[in-house]
Amino acid sequence: MTATIVASATRLTDGIDPELGLLLPEGFCRTFRVMPYAEVDGQLLVAAADVADPIVERVVDELITRPFVLVRHTVNEINGAIDAVYPPLEENLESPEARRARTQMAQMLTRSGLVTEDQLRTATLEYSRTGDPLGDILVSHGAISEDVLVAALSELHQLQRVGLTDFEPDTDVARALPEALAQELQVVPVARTGTEFLLAVARPLGREDLARVESALGKPVRQLLANRTDLDQLVQRVHAHHYAEIATRLVMETRPEESAHVVVSPTQKAFFVCALIVTVLVGVVWPTKTMIGLVALCSLAYLSVSIYKFRLTLRALGTHLEYDVTDEELADLDERILPIYTILVPLYKEAGIVPRLVRDMNALDYPKTRLDVKLLCEEDDVETIAKIQSMNLPPHFHLVVVPDSLPKTKPKACNYGLQLSKGKYCVIFDAEDRPDPDQLKKAFVTFTRVDRNVACVQAKLNHFNQDQNMLTAWFANEYSMHFELILPAMGASESPIPLGGTSNHFVTSTLRELGAWDPFNVTEDADLGIRLHREGYRTAMIDSTTLEEANSVVPNWIRQRSRWNKGYYQTWLVHMRNPFQLLSQVGLKGFLSFNLTMGSAFVLLLNPIFWALTTLYVFTQAGFIEQLFPGIVFYVASAMLFVGNFIFIYLNVAGSLQRGEFGITGTALLSPLYWGLMSLAAWKGFIQLFTNPFYWEKTEHGLDEEH
Amino acid sequence: MSAPVIEPTPAPSEPVIKRTRERLAGTVQAVGHRPHDIPRRRWESLAIFAFFAVAYIWFGYWLVVEMHVVSFETLDRLNRSLMVWHNDPAKLSAIGFDYPPLTTLLISPLTLVPALARSLAIVPVASALFAAGTMVILNSMLRRAQVLTALRYAVLLAVGANPLVLLYGAGGSRQFIWISLVMVAVGALFAWYVTADIRFIMISGLAFSVATLAGYSSLIWFAIGALMIGSVLSRLGARGEEIEGTTVGFAAPTAYVIALWTAFNLILLSNPFAWITDSSDAASSIGVEHFTFLELAQYTGQLVLYGAPLAIVVLPALIFTGFRSNGFALWLAVMLAASILAPAASVALGLTDAPMLMRNALLILLFAVIGAIWVARSSGTQNAVVSAILVALLIGSIPWTFHAMKTYRYQNLESSFAAAISTRESQEGARTPTGGTVGTASEQAMADFIRANISGKSTILTDNAQTYAVMLLTGDPALFFDRVDRSDGPWQEAAKDPAGYDVRYLLLSTDTSEDLLSQLYSDAVDGTDTLLPEVFSTPRYTLVGVTPDYQRPDSSSPAAPTPALDDTTSGGSVQ
């Protein structure tokens, strides 16, 4: 595309073709001071204030796909034209001072050779889209380090700097400022003189914020610019105890009835003991009838769970029940309105995976200046902490070290990270997760479209290593059915959704209001989904997928699955402490849905018993087994054996077909073998519920070497 | 010549992970990337279903209850259904192996209430619901073919009023059970071809699996469907993985039910393929009329000409349309051709005891209608013209087929049906062209006597394979000591020593050719056995009393004991 600088006979003042005026986005026009306005002899005339700036010519060339010429106009003429095409909104306008500061920063960095023209162009383009500080953009791109930016800002604002890398704070001084304010403004008092506090700040404070700090401290402050990463670490160190207490005890103390720190409540204990005694007594008096009753009860449970899942699947099959955002809608999204998005990534002994994690987080299509990635490490995981520190990550990555205390669980780490979160929305990803790059934007757009009571948006999960072996293919079959069919149908019917382990996006304030995750529940995600529903909030599904690593080794898989099952039992016990209250909160439909969903974990316990009875009967024709299945019980059990089992196999096939994963449909036909493993894990989890209820069976990641 | 362009190879540490969009880029059937389907109209479907169901039940009531045109095969299946719920003990095995199992199981809800079961009024319900379902499927296909509303309803009425459809939709026959399921399956394939929505593949696969257990010949169209799916996807440029996965998804349910049923046959009958070789359709095929190739061709032509003349027009039209880059038309032509050739093929393979029956034209007719609907869809602006021609042909074939039913050589109750409509007189006692006698007066009289005079479980010993109609009309199978109660072994012991098993009566067929008990007590059937006094008799049944001290003089066993669960049927649909 040729771009010749001319003084055209046709000027802006002759009028703007409204269609041409909209060819370039508003932010772009204001940043680069350009405005397309007419077409003459097949060439687009673009008014420009600084036609000599090579960056202007290049960026216009990148956006406009037809021949154009830059025509010199005055700044006032162009600003007037932009205001005419895009009526100005105050929050989107750059003040003259800010523009001057940005220009100074750009000049300072380019003249000193710290950034190249290309880096500046890319950063300025991003600035035109987001309006975020140019320096922050350059740091987030890795063009300059945070220290260089701090030095430049220090020069621009004539503020002193302070190094905090090895700083040992005086805790009395540091805690003189309330944690909430320190967190919000990213400031920490580092010293006190007779007349003032020395305050380490990430960025120079505005007048109002300064007044709030001085009011809280009761003394004037002198601002010292600090590296954001170092400051963030300092804030954490100063308030670590406070964060740890809240992370562990908030749900337990503010909502004890919803906390799993007590596995079985006293009332439940009494109920179960009484039920056991009655069953034993009745069994002694009428042994056959009692056994028939128990078999009938189990068959009914089987049938109910199966019918419920089948109904959900049929509803979702071949349709799009989840929210979707098209590529066009994403392209039209005004990035200036994007909020800060917190990403919580719990890590434990996963040093090797950190570089890949950083790569995948950076691959997200979201302005990095608005990302708040919390890498949550346990204090005793020295290797992972060292790895993260050694990578000198840009400041949108935050190393969060969770103090060593019990329970050492993922939800506790997340609760800890949540207190440090700056985002309006937050999401959890596991270390090995690979979300679709547009997932954050899709979640944000969905939040703006759904009802106000939607507090969570769940993305779909699946696996990137489904082809590794039979186990990973089965796992992918299962996830396809769960996330492509069952959860979308549950979301569409506004049933309580047991959230998936990752890729659940929350409104941060609502999550905090609910007390966040229960650190004593080993499926805190499922539990949180139910708690959200009980409080009147809803969960929506979005059509975006996060790929995870499927467990490829049986013992590791069983450990993970036993934890999930234990968590389901925990969650059921917690929410059924007061069934009537649950019923009144979620309604009959929600109540049934909750019990049938959690019931699937209990059905897994029954499987081996029924399989054993069936096998025994086939080989021995034992009369006592025949007696256990009279009339209708036999019909229900037969239907489940011959029809129900196949339907479940076929639902696995259906999930994979729905997802477009045709390569693993054959494996789905062998899923009864997988159910055997599931039952084994279910029993392990069930036993552990009594022997070690809060133990977190850690899943080992990175077993798939090829990926 | 330019230098070759070398694509950069990703480093091992930087693998290419396919994101959702990239992954689905080459997928033909990706959800959300396909044409919109017609909107669902549940109320319209429900209204059509209700209209045809009520119409067929009403007409069927007149036909069965007032005109006495009733198929004994239906009474047999209803009795088996009744035994599933109300026998003593209730046994699922009552469904037996000689009919495809779902022809009995699917109508079993009708016999939940014994009072209803003993009323002949439920006979038409056993087929009317499935015939009405078929009309709903045809309506969906017509909607997907964008046929005008008025013409759409005209097509449905013209199909619904076809005499073959009326007889088999209202007479309780099992034909419509499996045919309706095949229609669901083919309708789903129709929808899949239009929308590329993989959900329809699964629906079709499931429908074929159920259809297979309701009529084994469904497998023919299942096989054609599987080939069609592979061929269509291949033409659309789908990857091998997608073709394979889709075909697996389609075939899995049918493969499963065949495997399961074969395993049951192996375990319980020691013959894994008994469901093919020993079914009611095939069991007595030995000895049936022999046909030359020319005769088979001639009767096939007659079947199409008199039963489904529409096919004569539609088959060439489909082939013509198919050769104009319309793959589905060709596949429908193959399906229609298969329906035309299947009756002759089953005779040639010895898989039928009732060769070249006129009822075979029912499926040909319905496939011809589907083919015509597709031709209408493919004709673009001529859609209305083609639809109108279809209506005209269907209406024109009504008197043609009706007339043929009176004299067609191979038939069940077609001539009685035609006579009932023509004369409005009861067909009780009338003879069919194949020599059968129409009506159930004998059975009803015997059942009424038993209901009025006999009580107590397992009091009446009988061969239920021959006396099922009486058992059904009593509404109380628990009264009978039959071959299902404790399987054939104990029953045969009881047959030799009825008093020893606390039996008080023997219910015997007067036709001793197939009734095992009648063969054992032929004197009693004749009324010459003084130790077994006749209590009540009708032209087809005799009820004799058994005293507590009765000893059978001759202890020889009955002829040809049958396997435990292999209940032989009445051997024909008309007695």
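Note that Cβ sites are derived from N, Cα and C of the backbone, with glycine treated the same way.
Going by TrEMBL, these are the annotated features:
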TRANSMEM  B:46-64  transmembrane segment
TRANSMEM  B:115-138  transmembrane segment
TRANSMEM  B:150-170  transmembrane segment
TRANSMEM  B:176-194  transmembrane segment
TRANSMEM  B:206-230  transmembrane segment
TRANSMEM  B:250-269  transmembrane segment
TRANSMEM  B:303-323  transmembrane segment
TRANSMEM  B:329-349  transmembrane segment
TRANSMEM  B:361-378  transmembrane segment
TRANSMEM  B:384-402  transmembrane segment
REGION    B:547-575  region 'Disordered'
COMPBIAS  B:553-575  compositional bias 'Low complexity'
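Here the transmembrane segment (B:176-194) sits against the transmembrane segment (B:115-138); at least 3 CB pairs are under 8 Å, leaving out pairs fewer than 6 apart in sequence. With a cut-off of 8 Å on Cβ pairs spaced 6 or more residues apart, the transmembrane segment (B:206-230) and the transmembrane segment (B:303-323) reach fewer than 3 such pairs and are scored as not touching. Residues 48, 52, 55-57, 59-60, 63-64, 124, 127-128, 130-132, 134-135, 138-139, 142-143, 176, 307, 358-359, 361-362, 365-366, 369, 373, 384, 387-388, 390-391, 394-395, 397-398, 401-402, 405, 413-414, 417-418 of the same chain sit 6 or more residues outside the transmembrane segment (B:150-170) yet have a Cβ under 8 Å from a Cβ within it. Sequence-remote contacts of a segment are chain residues at least 6 beyond its ends whose Cβ falls under 8 Å from one of its Cβ atoms, and for the transmembrane segment (B:329-349) they are 186, 217, 220-221, 224, 228, 231-232, 281, 291, 296-297, 299-300, 303-304, 311, 314-315, 318-319, 321-323, 355-357, 360, 363-364, 367-368, 370-371, 374-375, 378. Within the same chain, residues 45, 48-53, 56-57, 59-61, 63-65, 70-71, 74-75, 77-78, 81-82, 86, 107, 155-156, 159-160, 165, 168-177, 179-180, 183-184, 187, 366, 369-370, 373, 440, 447, 472-475 sit at least 6 positions outside the transmembrane segment (B:115-138) and bring their C-beta atoms closer than 8 Å to a C-beta of that stretch.
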